[in-house]
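To keep things clear, I will list the structure first and then write my remarks on it.
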Amino acid sequence: MICGIDEVGRGCIFGPVLSAAVIFKTKPNFLNELDDSKKLTKTKREYLSSLILENAYYAFADISNEIIDKINIHNASLLAMQIAYQKLNIECNLVLVDGKFIPKIQAKQIRAIIKGDSMIDEIKAASIIAKVQRDKLMVEYDKIYPLYGLKKNKGYPTKEHKDAIKKHGILSLHRKSFRLI
């Protein structure tokens, strides 16, 4: 069994960093449609996410902005990956993570693959479901904090988001260790 792990929300200034771990139950027929979540349209991501969730074992983990501020985004991303894998509770022959760094995971083999979210099906799948999950969370936060445009900016430091911070102030879910304005 191969497990792919990726995270989303590293560059955001609002909310958690979120990771997903994915193991396909069998080889699905839609693998050729997978790609890095950033390269797919919202509609395509949501469609593929539903297929992935039906055809894979998966787990999510998020690390709050407070913890990000305490341990930094790099360590928080690795921790999210570690927890997502642990939540799967399935032993894998090979764990593949997107990026340069390996989280603290007990596995027979583990490898970090730069641009893995564009090359490895399991990492692509993790990228997609993590992005869809975090985007849904931002839509929910937008209902609570409509002045910050979270539905549109997804917590990233857009001009509109930074202008909203200048005008309305920093929220408890903003990452204080990041340059907010």
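Heads up, the Cβ atoms here are built off N, Cα and C, so glycines get one too.
Residues or ranges marked as domain 'RNase H type-2' in Swiss-Prot: 1-181.
Note: D98 (divalent metal cation binding site) has non-local neighbours G4, I5, D6, E7, A112, I113, I114, K115, G116, D117, I123, A126, S127, i.e. same-chain residues 6+ apart with C-beta under 8 A of its own C-beta. Annotation comment: Swiss-Prot describes D6, E7, D98 as divalent metal cation binding site, evidence class sequence analysis.
Around E7 (divalent metal cation binding site), taking its Cβ as the centre, 30 other Cβ atoms fall within 10 Å, counting all chains.
Using a 10 Å radius centred on the Cβ of D6 (divalent metal cation binding site) and all shown protein chains, the other Cβ atoms total 32.
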